[in-house]
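Heads up, the thing below is written out as structure tokens.
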Amino acid sequence: QCSSGRIRWSLWSLPSLLPMPWCCIGSSASSSPPVSADTLLPLSANQENTQHSLTNHKQPPKNAILVTNGGDGLFIDRLRSSNWTVESVSPSSVEAVVSRSKPLLILLDSRIDDLPSVAKSIRSIVEDDSLLTVISDRSVSEKRRRSLAKANIVHFVSWNSREISLIEYVARVVGRLRILPALYTALDEVEEAIEVCDESHTVAYVNSAYERLTGCVRSQVIGQPDSEIRRKSLPSSFGGRRNCDWSCLRVSTSNAGHCVYLRRRVSEGFNHDQHFAGGQMHRDLSLKSIRSQGGGLVDAPISEVLSLLREASVLCEGGEAAKYIKDAVRLLSSQEIYAPSITRFRDGDRIATQYYDGLIRLQQPGRQRKRSVVDAYRDKRSCSDARRRVSGEVRQALENEHLWTFDVLQLERVSEHHALSQLALKLFGRWKVCEMLQCPEDTMTRWLLSIEAHYHPVNAYHNATHAADVLQATSFFLDAPSVATYVVESHAAASLIAATIHDLDHPGRGNAFLINTRQSLSILYNDLSVLENHHVALAFQLTLQQSNNINILANLPREEFASMRSCIVEMVLATDIRRHFEYLAKFNQMELTDERESEREAHSITICNMLLKCADISNPAREWALCERWAHRIVQEYFEQTREEKEKALPVTMAFFDRETCNVPLTQVGFVDMFAREAFSCWTQFARLPQVLKQLEAVSSPSRISSTSILMRGSRNFAEF
């Protein structure tokens, strides 16, 4: 049952599978003393095969405790000569010693008083993998044996015996038992799916990656017969241009052959037999393969090319080829790899240069070095909002706006549905947006109130409070030092404005609905990012309309206005969920090491696009109380859209959002699996915000889903829930 030979030899190659860099992962065996690799040798290994290993490795010491009031014998001497450490303790102090040393063997002197009581006391604190044995100078009577059996002691040895082979055998079993929790913990951290079958070809173990990548539940798989057809029928989660197949590693043990099936990526032309000849497993160690534990949804061809080039540069590091490969990676990492570069025209073709500027590029690049957020806002927290008159409740609700635990729904309540304008006034003041835009504060106030008024309060989800929530998340992400280092000052201001307007005038229906109903907006924007184009276009129409007197961009020079507008438009368009994986792939292929000044602005835009995308879908990463309420709101909109689609005989966009049959928790977990987990895994690793990813995983955990689903049983519709 301890999977004795089941995973032993496959684990020699675990270092190549474990996440990098090295980290400590707790397991239930963390308090046990370390066990060396020798402990994992086969219990009945062939003597010839194991002798070489035993002679080249010093065997680890094995600890035992002798509970006695005084005494010694040949048996104890034999243990000590076989690398055992035997500590003699009195019955009164045995509990403290056992708790401290976690012995493999506990010897109880048969001569101590009230032996059964002492044995029961030790058994109550000792680990199940410690062996309790009575040591006696004469044979133990049957009556005495029955008495000790009540304390689960059935093993007896003689003081004068020199035979310790059974004790040695048990020690090796115990050593292997103690290391197994740590090994299983390591297997659960491996990104490749692993299935282990015993000698009867029955599934004995699958790891967490197996569950994530195949969609099968561990409890339903373990105990099932081994089936190649079943493995091949499992859904593939790996995209791109690499093969994904199951590799079988056969394990020879003392009794029968066990099998370890590993689902791994195999590069084109990869020779499996040759690669595993040395007992090692291959893993893609691309520097930019930042993906979640359930990864594999995002593998654009350009990402695969960059990954392969980076691997090649490592193989020829130091040579001239490495330099050319590095330059190729830099060029391919460009935002527009097919756009011509103006550097080709610099040396003489003046007409071509002007054609390029006038018809292709349209906007002139700034000649000034862009300051990072770190440079520009070192003292941003010193900004005071004392001049703003707000109620005490609103001021209190805004106190934690810099924390991830900020409750925007509480602000919505106390501000009477003016959460966006109230929060934006404080955040724009803290980030000195008015200074950046050279805009009077009263103009900014009027602009925010106008923007807020063009959100639809009747929408359950896509309203001004959602915009406020995205704005707060954007500010929180910008606060992260690793983000601020790479984001330039103007892009930080643009991202805050983009967050504020990103769902302006949202009708409460999705792009697919507008296209299927042939709405004027879908015709206007040719079915491409319909709502996103409308949000940002309306925002600029309102801003630039002179009669509104709310032009916060009026004082910007023409060049800076064009740059700011371009950034805001791109960031809002990046929130189109249809292009989610495209932007995620661009973010992952970004190379920030040895960043050139010419690349700084492009990288900053890429980071801000990703930042706003994550802020827009951040509800599942909030605390459970907030996450649950946001989930209720979004499904309300989807329920209404589904109802209207059915009434108008339109294609149903998402049929599972039927008010009468919808399993709300599963729909939200499905969204996390499809979109949020991958994005937040990449983003939080870059931004160094592990607590956000941890919160996302906690909210979408099986226990949380199960408890929420139970609450829904018996509710005939969502409103009752």
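Glycine too: its Cβ is placed from the backbone N, Cα and C atoms.
Note that TrEMBL annotation is computational and uncurated.
If you check TrEMBL, you get these features:
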DOMAIN    179-224  domain 'PAS'
DOMAIN    386-721  domain 'PDEase'
BINDING   HIS462, ASN463, ALA464, THR465, HIS466, ASP503, ASP616, GLN668  AMP binding site
ACT_SITE  HIS462  active site, proton donor
BINDING   HIS466, HIS502, ASP503, ASP616  Zn(2+) 1 binding site
BINDING   ASP503  Zn(2+) 2 binding site
Give the number of CB atoms, excluding that of ASN463 (AMP binding site) itself, located within 10 Å of its CB. 23
Per-residue pLDDT averaged over the domain 'PDEase' (386-721) comes to what? 90
Rounded to the nearest Å - Cα separation of HIS462 (AMP binding site) and HIS502 (Zn(2+) 1 binding site): 10
Any idea of the Cα spread of the AMP site, HIS462, ASN463, ALA464, THR465, HIS466, ASP503, ASP616, GLN668, as a max distance in Å? 22
If you draw a 10 Å sphere around the Cβ of THR465 (AMP binding site), how many other Cβ atoms fall inside it, taking every protein chain shown into account? 26
Distance check, please: Cα of HIS466 (AMP binding site) against Cα of HIS502 (Zn(2+) 1 binding site), rounded to an integer number of angstrom. 10
Could you break down the residues of the domain 'PAS' (179-224) into DSSP helix, strand and coil, giving a count for each? 22 helix, 10 strand, 14 coil
HIS462, HIS502: which of these binding-site residues has the sparsest Cβ neighbourhood within 10 Å? HIS462
Which ones in the same chain are close to ALA464 (AMP binding site), with CB under 8 Å and 6+ residues apart in sequence? HIS417, HIS418, ALA419, LEU420, SER421, GLU452, TYR455, PRO457
Which residues of the same chain, at least 6 positions away in sequence, have a Cβ lying under 8 Å from the Cβ of ASP503 (AMP binding site)? TYR455, HIS462, HIS466, ALA467, VAL470, LEU531, HIS535
Binding-site residues THR465, ASP616, GLN668: which have a Cα within 10 Å of HIS502 (Zn(2+) 1 binding site)? ASP616
Which chain-mates of GLN668 (AMP binding site) that are at least 6 residues away have a CB under 8 A from its CB, listed by sequence? PRO620, ALA631, SER700
Residues within 8 Å of the HIS466, HIS502, ASP503, ASP616 Cβ centre (excluding the Zn(2+) 1 site residues themselves): HIS462, ALA467, VAL470, ALA499, HIS506, THR575
